[in-house]
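Peer 1: The substrate binding site feature in Swiss-Prot is assigned to 64, 65, 66, 77, 81, 82, 83, 91.
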């Protein structure tokens, strides 16, 4: 499998996705447009690039931690999933989580980061029950959403 990612620059006025530092897992994605996000509002923002994720891999679009902590800018469907067959422009659903202050995103601002990872493409097999399929019970069982505790004050 190649260690490269094919990128089409759809907007020649923007830089290609890039790593801020050597060894960073993600590459920064840039906004291709000016956007004003009022408090609590979201917008689908173009990045000006398309990528060809290799088969057996997935692209995951994550928020930039600095934007989330400093101004409350995040991604609605975090992480966003880019399947290997998608060839269109990458777009990011940004949301302003600040309760009072609008966020201004300028063309060329770094708005998200793209990570590309291997993914297991498992075959789905229908079973009537996990017991009948020979899948052992676990200590967790069907306990979800808060089943492990840890927040006595909430």
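Glycine is no exception: its Cβ is also placed from the backbone N, Cα and C atoms.
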Peer 1: Would you measure the largest Cα separation among 64, 65, 66, 77, 81, 82, 83, 91 for the substrate site and round it to whole Å?
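Peer 2: Value for the max Cα separation, rounded to a whole number: 26 Å.
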Peer 1: Measure from the Cβ of residue 66 (substrate binding site) and count the other Cβ atoms within 10 Å, all protein chains considered.
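Peer 2: A count of 10.
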Peer 1: Please name the residue among the binding-site residues 64, 91 whose C-beta has the most neighbouring C-beta atoms within 10 angstroms.
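Peer 2: That would be 64, with the highest Cβ count within 10 Å.
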Peer 1: As a test of the contact definition, list every same-chain residue at least 6 positions from residue 77 (substrate binding site) whose Cβ is closer than 8 Å to its Cβ.
Peer 2: 93
